[in-house]
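Taken from Swiss-Prot as is:
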ACT_SITE  65  active site, charge relay system
ACT_SITE  110  active site, charge relay system
ACT_SITE  204  active site, charge relay system
DISULFID  31-163  disulfide bond
DISULFID  50-66  disulfide bond
DISULFID  98-256  disulfide bond
DISULFID  142-210  disulfide bond
DISULFID  174-189  disulfide bond
DISULFID  200-225  disulfide bond
DOMAIN    25-249  domain 'Peptidase S1'
CARBOHYD  44  N-linked glycosylation site
CARBOHYD  103  N-linked glycosylation site
CARBOHYD  117  N-linked glycosylation site
CARBOHYD  121  N-linked glycosylation site
CARBOHYD  154  N-linked glycosylation site
CARBOHYD  251  N-linked glycosylation site
SIGNAL    1-18  signal peptide
């Protein structure tokens, strides 16, 4: 555990040297230590880092492009430099995809469900987040969080996770920005039209939380981050709830939604 913790500290503090691009929170503030109990850190020794969400004691939900060799998973982390007594470390026992983790041809299949090698114990800083019971409404105010960059394009990275409030926007706005997106997809378009707040490099795989439920997974966005009228893309978790719950129930051959 000590070795894993030291490695995680180095990764979080040296994210600017990471080999893989992902998303981070711009324009937010330090998350309250008790508001991100479901937020997990995915990392390896090569410098890859992503976020994820604990959805029950045995499963984490994240983005497919966050798959990495020799993945380690940390739960209950708030500060990269100060250890929480209840932090827990796990390995992935099994990974489930709707699409090959290396295939980026389908915009809305960037989702990965991870079964942990051991169950997680709830604690002061660790608790699962509920899956959505319905999709978010247009205009909903939602919370995005992670250890991603807090400045862009010259990235700097925080010692603690940052949180920001953003809005669910019309899908057509994202489609106008990101050429090649289909007329309909299982993607949420979210951000602030005036810019200044959004996920950024390092936040990939982390949660978009609306009314206390996991509605989105940080998937893709602009570079530099948080540009005016350039919202980011989030996987629409509601459309995958049957797939997720079927796997958790033991049906690991369930068909991914088309």
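Using the three backbone atoms N, Cα and C, a Cβ is placed for every residue, glycine included.
Features recorded in Swiss-Prot, as mapped to the structure shown.
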{"residue": "98", "record": "disulfide bond", "contacts (Cβ under 8 Å, 6+ apart)": "64, 109, 111, 240, 243, 256, 257"}
{"residue": "121", "record": "N-linked glycosylation site", "contacts (Cβ under 8 Å, 6+ apart)": "57, 88"}
{"residue": "142", "record": "disulfide bond", "contacts (Cβ under 8 Å, 6+ apart)": "136, 165, 166, 167, 168, 190, 208, 209, 210, 215, 216"}
{"residue": "174", "record": "disulfide bond", "contacts (Cβ under 8 Å, 6+ apart)": "181, 187, 189, 231, 233"}
{"residue": "251", "record": "N-linked glycosylation site", "contacts (Cβ under 8 Å, 6+ apart)": "none"}
Segment confidence, the domain 'Peptidase S1' (25-249), expressed as mean pLDDT: 90
Entry from the recorded positions list 117, 154, 204 having the most other CB atoms no farther than 10 A: 204
DSSP-derived structure type at residue 204 (active site, charge relay system), helix or strand or else coil: coil
Listed disulfide-bonded residues (66, 163, 225), ranked by Cβ neighbours within 10 Å, top entry: 225
Neighbouring C-beta atoms (10 Å sphere around the C-beta of residue 200 (disulfide bond)): 34
Between residue 65 (active site, charge relay system) and residue 200 (disulfide bond): CA-CA distance (Å): 15
Other C-beta atoms that fall within 10 angstroms of the C-beta of residue 50 (disulfide bond): 28
Residue 154 (N-linked glycosylation site) versus residue 225 (disulfide bond) - Cα distance in angstrom: 10
Among 31, 44, 110, 117, which are recorded as recorded positions, the nearest neighbour of residue 65 (active site, charge relay system) by Cα: 110
Position of peak Cβ density within 10 Å, selected from the disulfide-bonded residues 189, 256: 189
Residue 66 (disulfide bond): nearby recorded positions from 110, 154, 204, Cα cut-off 10 Å: 110, 204
